[in-house]
Amino acid sequence: QACSEFTTHVLNLLREQSRTRPIAPREIERMVGVIHGKFSSIQMQLKQSTCEAVMILRSRFLDARRKRRNFSKQATEVLNEYFYSHLSNPYPSEEAKEELARRGGISVSQVSNWFGNKRIRYKKNMGRFQEEAEAYRARQGPSPPSPGSASSGSFKMTNSGDSFLNLQPLSSYQSPPNVQNQLDFLQQPGRLEPLVGSPLFSTQRLEANGSWPDAATPSSITDPGSDASN
C-alpha cells in the first residue's frame, strides 16, 4: 500500500513536470520500476531486522527460564547413591524425597523429576548404567551379614517344600544344666553300645534331593488299634 501510494504521488509529479518539459513514457516506466525495487529491498531489510530482534528477545527472556540447571556434584552423588542402592524399587517415599532434597540442596520436585528421568534413561540403556551401578556398589562396600545368613550356618535346600535348614555353630549352643548332666552320663564308655542296635535309636540320613526318607515303623512297636482288636 505504501509503495502504490508513493508511486501514484511520483506519477502525479511527473505529469505536472511534463507540462514544462516533455517526458517519455519509457522514462516514466523506468522510474516506477526503480521505486518498486527500492521498496522491495526496504521490505526485505525490515523483515530481517524484525526476525533478528525477535530471536534476541526469545534468547534473553523465553529461553532463559527454560535453561537447564545442572545439579551440583554433591546432589548428583546423593541421588545416584540412593538410586543404585534401591535398584530393585527405585521409587523413594515422600520422606525419602525430603531427606534427599535436604542433603542435596535441591527441591522435592527436582528430586521427583530426577528419579523419573533416571528410571527412563536406565531402562533405555541398561548396559551403560550397569557399569555405573557396579561402581557405586563397590564404593559402598559389602553389606554386613544379616542374622540367619549363610555365615551363621544356614543352608538353602532345593526340594519341593523349599525347606530351610538352620545349623547353629556348636560354640554358640549352651545346654541347660540338667541336659548337660545327661549328656555327660551318656558319653561315658559303654553307655551307648546297647542303644546302637535298638530300633528305637536309628539315625536318619538326608537324601541327595534334600528330602528326608520315610521312617520305617519298628517291629517292636505295634498299632494300639491292632491290640484292641485282638
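Backbone N, Cα and C define each Cβ position, glycine as well.
Among the features that TrEMBL reports, DNA-binding region is placed at 64-126.
Taken from TrEMBL, the feature compositional bias 'Polar residues' applies to 155-185 (among others).
The compositional bias 'Polar residues' annotation in TrEMBL covers 217-230 (among others).
Per DSSP, the secondary structure of the domain 'PBC' (1-63) breaks down as 56 helix, 0 strand, 7 coil. TrEMBL lists 1-63 with the feature domain 'PBC'.
The annotation domain 'Homeobox' is assigned in TrEMBL to 62-125.
For 133-230, the entry in TrEMBL reads region 'Disordered'.
Note on the domain 'Homeobox' (62-125): mean pLDDT across this stretch is 86. Here the DNA-binding region (64-126) has, by DSSP, the following mix of helix, strand and coil residues: 45 helix, 0 strand, 18 coil.
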